[in-house]
Amino acid sequence: MDRFSRKCLLFLLLIILLDSPLTCHSWGWFSSSSSSAEDPYSSSFSRSRKSNPDFSMEVFSDQKAVQVLENKLVGLTSCWQNAYSYLLAGCKETIATEEKRKRFAWYLSDCFIKDSGRPAFPTCKDESVMMSCLKKLDDHEHKIYLDFLLETNTICQQLQSNAFKNEIERLVNELKNTAQYTEDKLDILESKSDALIQTSSMIHDSLGSLDVRVQNVASVTNTLETSVSGLSQQTVEISQEQKNIAESQLALRDGQVKMKETLKDGMDMFLDAYTNIQEGVDKLKSDTEQIEVEISVLGNNLSTKMIDLQSTTDDIGTKTRSSLDKQQKLLDGQTVALDGIQFLTRFQSEALQESRNTLQRLKEFSQEQQEDLAKRQEKLQEVHDHLFENSKSMLEAQVAFEAKQANMFVALDKLFALHNAMLLESRVIKAFVIYFLSIFVIYMFTSTKQTYIIRPRLYIGLCVTLALEVASLRYVNDTERQAWMINLIRSLFALLASAQLLHAALSYRDYEVLNHQILLRLVDKVNDMQSKKELSYDEDTESEVDWTSWVDTDLTDDDDNLADPDYKIPLLIKDNPVTTSSLTRRLYNFRPR
């Protein structure tokens, strides 16, 4: 019977488990478990999240400050964010430390170079000094680095503002989603508690119906006991009639007929009771199978005993003692059956008491869970109010920070305007210094006879170059384009000036030297002719030659034009033309023009 009680308890637990839902949900705020697509709670939670818009917070930005940043930042890509987050320090510490400020400008310049499609900066390790890294840059890269170094404060503040805004938006959205998720979980818990209460009431009703059925079985058992007692009385009457059997055979037969009818009615009543008991036991499922077996065994025993009793009554004349023994055995079987029925009744009452205790414990547990849930709801409400107050204070601090940032951007705008004006003036002064030096260099290069003739043209070209450079500084706003145009203009002027200097130096002819060489050749010829005249036999004829006319006829017009008009032949040559070449060279006067 101990095994039978365990089976009954197991049956009750199976009923409770089958009635309860199979899906469990997490009570935590930040549960990472996700249900399937068919889960209604997850779908309702997703719908609730879609119905509520995400929190967003736009930072107040001055238009002038934004325009200043757009000149240097093409877009806030991940490279710029990594350059800011790589320092792991705030703008205050970065700006205060010169080394971190230079390294931050290095990272920003590298990002700008990469975005513009140019080769990246050379590698600069974290432990190396920035001075050694800056030596690896050329002039153009160093200029870009200088621009970013001057605007490090503005860029750092803007990046820090965007990072702070994104962090606040993420925290507020997570807070809102967590609150919404907690509210949905509380709704789910409330529905679960309602379902649990309904299940408990259903279990209570089922146990009540089970109690009613057990009472019906008890009443049927009492009826069966009454029938059995009536049957025993009838057997006593039969025994009395058996004593008087000798008196009247007909009365005995009538008694036998009555006994048969009574037994038949008892059997019918017993079968009806057995049918009702079997129906009740079927409804109790597997827990009452043993009861059904015992009742069937009892019915079989009773039917067997009744058949034996009927057979003994047929032979009652000869087997009276055997009939009495059978009746005694029948009484013993009835006593055993009554004991079994009493045990069944006692077991059913114990099962009902245990079920009532279980329901009471379930009710107390549900009440405790509801009280705990109410306390958790109050705590969640307090936390939600506290977070709401914190978010309001954070928003107020953000508004104050935006106002300070706007004022700072206005001051930086004025500072940048002053810086641009000073830079323009310094570039103009630098250009005038360079062109003054260019004037001096041109003067030095054109001081010779070969290049003296191109000095005016070079000065005119230098003035035109200066005018073009000043115009580019005044009317071109892009710094890089200004530098490119200035370098192009200066390069063109230097190329043209060098070409003119080379052409003048290579194409120059010194006509004084040419005239001097021609005169030297003529003097040599005259001396040769004079020496030949002395050796000639016809000395008189030769002496009559007019050498002056010969020189005039022998020289061309071009040579006459190239001769010095102010030069006069010395008297010594006229009187004595036959002289040495060394004397002629010594008397020739190279006067400047």
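In case you wondered, yes, glycine gets a Cβ from its N, Cα and C as well.
Database features, via Swiss-Prot:
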- 156-194: coiled coil (COILED)
- 350-387: coiled coil (COILED)
- 1-24: signal peptide (SIGNAL)
- 25-427: topological domain 'Extracellular' (TOPO_DOM)
- 449-457: topological domain 'Cytoplasmic' (TOPO_DOM)
- 477-485: topological domain 'Extracellular' (TOPO_DOM)
- 507-593: topological domain 'Cytoplasmic' (TOPO_DOM)
- 428-448: transmembrane segment (TRANSMEM)
- 458-476: transmembrane segment (TRANSMEM)
- 486-506: transmembrane segment (TRANSMEM)
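For the topological domain 'Cytoplasmic' (449-457), the predicted model reports an average pLDDT of 87. Across the topological domain 'Cytoplasmic' (449-457), DSSP assigns 6 helix, 0 strand, 3 coil. Secondary structure of the topological domain 'Extracellular' (477-485) per DSSP, as helix, strand and coil residue counts: 7 helix, 0 strand, 2 coil.
Only residues 6 or more beyond the boundaries of the topological domain 'Extracellular' (477-485), in the same chain, are considered here, and those with a CB under 8 A from a CB of the stretch are 143, 147.
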